[in-house]
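Enquirer: Okay, these came from Swiss-Prot:
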BINDING   198, 199, 200, 201, 229  NAD(+) binding site
BINDING   207, 224-228, 312-317, 350-352  FMN binding site
BINDING   485, 488, 491, 531  [4Fe-4S] cluster 1 binding site
DOMAIN    569-598  domain '4Fe-4S ferredoxin-type 1'
BINDING   578, 581, 584, 588  [4Fe-4S] cluster 2 binding site
DOMAIN    599-626  domain '4Fe-4S ferredoxin-type 2'
BINDING   608, 611, 614, 618  [4Fe-4S] cluster 3 binding site
């Protein structure tokens, strides 16, 4: 435990030297983020451990002691290229291997670890050029990004406080506690122009200032890690790969606003993120960076993790606070805002995971360094999770002002064969769908707001021409109606009724009157709902009505332009292929298929519910959806 800042600085300098020595030796880094783990990364890690032990090559894994002539095996966090995992990086050669299987491990040890030879078949494929590239930093995927908070890709240890300190970790905390007043810290954050990364984009420095000036002897700091958007996993990635970065930001925030206690509210569905953050808290306490009298400065601050039960509405700050208090997660009207009356009625600062992660580097590298990225009103970078039929998907970090075209084509490599661009859904289930007209629009808070869209937490779903936009709206509204807390009528009842109307569209039963009702109802929900969930729930409907209205009209006229909605199609049996085996008839739950054995069967369209079971059972592929 460090008694003062001087002891910490001496320790940090020692660790920096040791880490440099380690990276110059042979080190293996296996990505154990959730994406790679789902594809077998832990088995790959175990295979390396077993192989190195068998050859007596496994060295000490901490920076405190590095065994010469040995190989260090490390767990690293998400590298961003989740679609190519499991990922492995070999230092000092910087070879970056993708889709690694346990069976590849002996060859990697033989050729790369012992001889320094590359294995070309394991190289990462550049999504833009299609070429095999030995090092991730040489790919267009990497070059077209700006890793401001996602530093040290593939060569940091997600479970080591020593590694974080060796990467200049906690230096900003030392600087804040020993040479800055709380007011100076807040002014620095205000000058940086940092805006909340949780979706609203409220100026972070102003929020800190409000909390600092709020009356009260007891104050709290809360981290909103309740990332509930389908397909969004930026917060999870940060908490898994660099938990101390978020923790350091929270401690600095506690000092700046005058708080004594903090809570990290993390989804229970993120078990690895919860585990990493709890370990980070424990390790920081052991070194005296958290708890009583931090670094002998007289400042005391402690943290604990509160696991969320999974309700999407708990991403709303007042619902989140209610959940921490042990109550049902339900939003309340504002004002008073949490900065005035939050946890147990005390002034409370709430920021997103990514917001806190920016703080240490802003204090360490300065405001000018931060503001050279992004745009005037949206400085800095933003992490996005990109999903869809692209050549590369996963987590990216880009400057604000980057266009959708850059993300889709210059970073993710464009579409897989047979797919064409149609739209982008940005901002999660509460976000908007944007057409191709917006593909060159800079992504920042103000520009997206003008387009009736939002950054949200950073989820980007790329949609192709094979997808029905009415179905997209129905899908997202199905999610938000289920996640409504039920407190206010516009959200509880309105989303249900809007969903029922969308069901009529996708089932071929909608009328022009339904179209009129849907639009009016959506605007009413947006205006009259109590909290952000209800106010933004109709966004997918309103944006698709605005930009893809012709698809709604086509559904009324009896056609789904994308061919996705099966209600506008029918299953038919091709008499030239059908052998008359009767297997389809026996599998039909509606008894809609009849015929004489040995002759072609037919389907009664009045009885058919288009379940597709008959087509899946037919061994001759005689049943088609037309």
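Residue numbers in this text run from 1 along the chain shown.
Even glycines carry a Cβ here, placed using N, Cα and C.
In terms of burial and nearby residues, how do these features look in this structure?
Expert: Of all the Cβ atoms in the protein chains shown, 15 others lie within 10 Å of the Cβ of residue 200 (NAD(+) binding site). Classification of residue 200 (NAD(+) binding site) by DSSP places it in coil, neither helical nor stranded.
When secondary structure is read from DSSP and collapsed to three states, residue 225 (FMN binding site) falls in the strand class.
Non-local neighbourhood of residue 485 ([4Fe-4S] cluster 1 binding site): 311, 313, 319, 328, 329, 330, 331, 491, 533, each in the same chain, at least six residues away, with C-beta under 8 Å from its C-beta. Under the three-state DSSP scheme, residue 485 ([4Fe-4S] cluster 1 binding site) falls in the coil class.
With a cut-off of 8 Å between Cβ atoms, the residues of this chain six or more beyond the domain '4Fe-4S ferredoxin-type 1' (569-598) that come close are 563, 604-615, 617-626.
Sequence-distant neighbours of residue 578 ([4Fe-4S] cluster 2 binding site) (same chain, six or more apart, CB under 8 Å from its CB) are 600, 601, 620, 622, listed in sequence order. Residue 578 ([4Fe-4S] cluster 2 binding site) falls outside any helix or strand according to DSSP and counts as coil.
Residues in the domain '4Fe-4S ferredoxin-type 2' (599-626) partition by DSSP class (helix H, G, I; strand E, B; coil) as 5 helix, 5 strand, 18 coil.
Every protein chain shown contributes to the tally, and the Cβ of residue 618 ([4Fe-4S] cluster 3 binding site) ends up with 21 other Cβ atoms within 10 Å.
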Enquirer: What are the sequence-distant neighbours of residue 312 (FMN binding site), meaning same chain, six or more residues apart, C-beta distance under 8 angstroms?
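Expert: Residues satisfying the criterion: 228, 429, 479, 480, 483, 533.
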Enquirer: Once near-sequence residues are set aside, which residues in the chain of residue 611 ([4Fe-4S] cluster 3 binding site), 6 or more away, have Cβ atoms under 8 Å from its Cβ?
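Expert: Those within reach of residue 611 ([4Fe-4S] cluster 3 binding site), by Cβ under 8 Å and sequence separation of 6 or more, are 589, 590.
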Enquirer: Tell me the Cβ contacts of residue 608 ([4Fe-4S] cluster 3 binding site) under 8 Å, same chain only and six or more apart in sequence, or just say none.
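Expert: Expected: 570, 571, 590, 592.
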Enquirer: Out of 198, 200, 588, which of these binding-site residues is nearest residue 350 (FMN binding site) by C-alpha distance?
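Expert: Comparing Cα positions, the closest of these binding-site residues turns out to be 198.
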Enquirer: Select the closest residue to residue 316 (FMN binding site) from the following binding-site residues, measuring between CA atoms: 200, 201, 531, 588, 614.
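Expert: Answer for the nearest of the binding-site residues: 531.
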